[in-house]
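One structure is given here, and the rest of the page talks about it.
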């Protein structure tokens, strides 16, 4: 499994698309920070709408910037589809993953390694996303908005929350990719899922959908709109989804081989 991860990281280091994605992430962060844009492609309501209104009409600090970037993570998700294709999509669309399985790695280890690589990549890209905002804000003379230590802690929490819940969304894409062998179907699914769930939650009033509205959960956690004591059901559902998608993907590969 470790060797598989090393091979994936080596391949990424020699893939131009990874550097294009990194540049796009940095550029998007700079653009949002300089133009003071708030919000992404989402269905906003309640506390989120109030927070957006407050940020739009208040002086900007570094803290305001990173909060605004957090509210634009729905767009960041679409950027990260390129990462999904690079890490796992291409191998399945071309069926070259079979060569890796022949080398002795189990199907579960293979899928687990792919998810781990994607999560690490997402953590790195999300951290760059926030650090770019920090550097850009300081370069324009904005204040921190809170103590340096607290700001560092907030950025760390935001990075982990956003990267983890985006990875859960992509885990659904993984099982679709394995089942269909197409990169288009999971890519479209990843784009549609957050908007569809958010709209159904608001208009159909199915409150249980909030547990699978992973992008909205990421924003609420990062912005401290969900209390720590209320977070466990969301984490439980997310871990359960990861277990089902990773194990399910391995079983689908096995069934296809039979």
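Just so you know, the numbers here start at 1 and follow the chain as drawn.
Yeah, the Cβs are placed from backbone N, Cα and C, and that goes for glycine too.
Automatic prediction, not curation, is the source of TrEMBL annotations.
What TrEMBL annotates here:
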- 12-34: transmembrane segment (TRANSMEM)
- 68-90: transmembrane segment (TRANSMEM)
- 111-131: transmembrane segment (TRANSMEM)
- 151-177: transmembrane segment (TRANSMEM)
- 184-206: transmembrane segment (TRANSMEM)
- 231-253: transmembrane segment (TRANSMEM)
Same-chain residue ranges lying at least 6 outside the transmembrane segment (111-131) that approach it to Cβ under 8 Å: 1-2, 4-5, 8-9, 12, 21-22, 25-26, 28-29, 66, 69, 76, 80, 83-84, 87-88, 105, 155, 158-160, 162-164, 166-167, 170-171, 174, 178, 242, 246, 249-250, 253
Interface-richest range of 12-34, 151-177, 231-253 toward the transmembrane segment (68-90), CB pairs under 8 Å: 12-34
For the transmembrane segment (12-34), distant same-chain residues with Cβ under 8 A (at least six beyond the ends): 65, 68-69, 72, 75-76, 79-80, 82-83, 86-87, 121, 125, 128-130, 132-133, 136-137, 140
